[in-house]
Each structure stands twice: as C-alpha cells, then as structure tokens.
Amino acid sequence: MTRLWGNYFRIIIVVTSFLCLVSICSNHSIINLTFICMKEDFSLTTATENGTLKSAYDFNQNQKTYINWAVGFGTILGTFPMNYLFVRIGARIPFFSAGILSAIATGLTPFVAGQSMWIFVTLRFLQLCASSTFGWKWSFYLHAVSGSILFVTWFLLYKDDPTLHKSVSSKELLKIQKNKSEAHIKDNKIVPYLKIFTSPVILTVWFCAFTELSTFILISQYAPAYFREVLGFDIVTIGLLNGIMTAIHIPFRFVCAFLSDKISFISEITKIHIFNTLAVGCVGISFIVFGFIPAKHNITAVVCLAILECFMSFNSGGFYKCGTLHARQFSSTVISAIQFSKCVALITGPALVNLFVSDESNQSQWSHVFMTLAATTFVANILSFVYFMDQPAEWTKEENCSKKEQDVNC
C-alpha cells in the first residue's frame, strides 16, 4: 500500500520535533519582551516606600535576573536526569512530559506574575526541568495551547524504535540505519561517560556550543531592552522586528542543514570547519560590529543582528555535526551536555550584563558585554581547527567488549 508520505515519514518527525523545540524555547523567552508591556499594566498595583502606587508586574533589574536565572537552574537540574531517561527508556515519554510541563507553566504565568515574586521564579524554574493590558497575558495562553498541541501531535507520531513503527517503510529504514555501526543500530546502553567527558574533540564541541549559545541567549533575553533603551524603538516595532528576524532565521537554518548534507565536492571535515567558522567566529565579528553601530542608525543595527542570527544557523553543520559524527550512538549524551552549556549561559549572560551594564541606555556599557562574548567565540573557533574531526571515536566501536569490561570503562 502506498503511503501518503511515501518514504519520508522521518521528515515529518524531524519537522514536528523542531516545532516542539521552538515551542519550548519560545515559552521561556517570551517573558523578556512582555517585561516591557507588563510594567504598564496597572490592573494590579502595589505601594512603594514613598506611598505611591506602581504596577505589580513592574520588576526591577535584580528580580528580572532571578527570573531568568530560574530557567538556567531548572535546566541544569533537568539535563542529566532527562539524558538518563533518554538512554534508558527512549525519548518519547521524557520529551513529551517536559513539553507538557513547559506548556502548563507558561499558561499559569499570568496568574502568578502579580503574586509573590518567588512563586513566579518557581514557575519559571518549572518551564525548563502585544501592547494592550490583556494582550501580554494572551501571549502566554497562546504559547501554552500551541505547545500542548505540538507535543501531543509529536507523541502520537514518534516511536523510539523505527523498526517497530508502522509508518516507516523498509526502504526508509535502510536510510535511517545507513553508515551506522551494529552497536549504534542495537542502541548500546552502556555509555562511556569518562571517555566522552575527557575527549578533546567533545570538550571543544561543548566550548564552541557554549560561546555560540551565550550569544543567542543574550540576544533572546536582552534584545528587547536594547532595542527599547538604546535604539529607541517602541514596543510594537520591537515585536515586529523580532518576528521578522525569526522569520528569516528559521528557514535559513533548514537551508544550512540541507547544504551541510548535500555538498559533496569538499571533504566532511572541511565542511565542518567552514560551517563552524561561520556559526562561531563570524558571530563574534558581527557582535562587535553590532555594538558599535550608532543609535541613530538603528535599522542598520537590526540588519546586523539579523545577519548575526543567520550565521548561527550554520551550527548544524559545525560543532553539532562534529559531535554527532564523533560520538555516533552516544551523540544524545553529547547533545544533552550542549543543553547543559545552555543552562550555564542562562546564568552567565545575566551575570555579565549586571557586571558591565548599570544603565540600559548606555551603549558603551553594552559594547563591553558584546566584546567579551566575541573574544570567547574567537578562542573557541581557533580550538576547533586543532581538535575537530569527522571520524567516530574508538569508544564508539567497542561493541565486542563484555558488559563487565564496558562497565569498568564507564
């Protein structure tokens, strides 16, 4: 029987998984744009020390830092348990549970935002382990509903073992298992953590990921404030510009992944170096340029930031691909650790801003943040030329070892 999707059901899984990841990312980043809207909402007020009233949703810089840190600490605590569950029982139940938890926490945010600040921080913690008063709340409700729909759809489509999936044809199964070792296909559960965590290749992959993700996190958390205080855009324009940059960035990421797979006239390692330089080194250069564009040329600054985000799209063919090719069947552990570096970036980003920025309208102070991050990307990019490789590690081939020997290695 001819299937509607032919031999491309895996593409449906990839697209659905991608949208689910976008949902989780959007759930925790929407707060940074709505911070600007929330302080204008006086439907719930609190008294200040001098007896005047202010919006209960008007958070100071320290409170915003705690709220953003909650996401980082929540992700740190969730990364390794989630990886353990992925290895032991597969991705279906853990990923679905995490997505639904994120959607529930997002939907509850408007109800607790005006209550105890620490309840709000707790809710932000759970998320990762518009110009009208009504509008900012609905941004959370819509995120919660759309996220729930996406994860239920993914749960219905995805199975941990493609050999048992009725929608995967035998021809497609051969493509899925192409160039995979017997240990990879059989899903070896003995993970050599010590060898992974001491591999120079993997450590460099993680450092590149940390520098690139630090840039991404800083943009997602502080671009609305920078656009408002330095570049002088109004809130509606800020939302529109963020939407346009995302609309450009997402399809470009698919194009970069396609090019990484289909370009065949240069070697795999050369492609990895080129893509990684664009995703890491060029991002650092763009960040420096962005920090020194005068506020009167605010449109030019936005274009520069959009180009920077497009450079980030090349990471799929850079450090991500290197980590996957080198770790093979243990790539989920490597990718989980990249998520851990994202957790650290969620903490170091706000800390870096607090260190250099005391006045959000001072462009010179922001430029120190940008140059610090740019310097780390340059160091990471240089190290990638020293350590990156496209060959599987020896510890991915130890399929003939006894379980006792592998336990000792682990």
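Glycine is treated like the rest: Cβ placed from N, Cα and C.
Among the features that TrEMBL reports, transmembrane segment is placed at 12-36, 66-86, 98-120, 140-158, 201-223, 235-260, 272-293, 299-320, 332-357, 369-388.
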When you scan the chain for residues with a C-beta under 8 Å from the transmembrane segment (369-388), skipping those not six or more beyond its ends, what do you find?
200-201, 203-205, 207-208, 210-212, 214-215, 218, 269, 272-273, 276-277, 280-281, 283-285, 287-288, 290-291, 318-319, 322, 352-353, 356-357
Give the one range among 66-86, 235-260, 272-293, 332-357 whose Cβ atoms make the most pairs under 8 Å with those of the transmembrane segment (299-320).
272-293
Does the chain bring the transmembrane segment (332-357) near the transmembrane segment (235-260), so that three or more CB pairs sit under 8 Å (pairs 6 or more apart in sequence)?
no
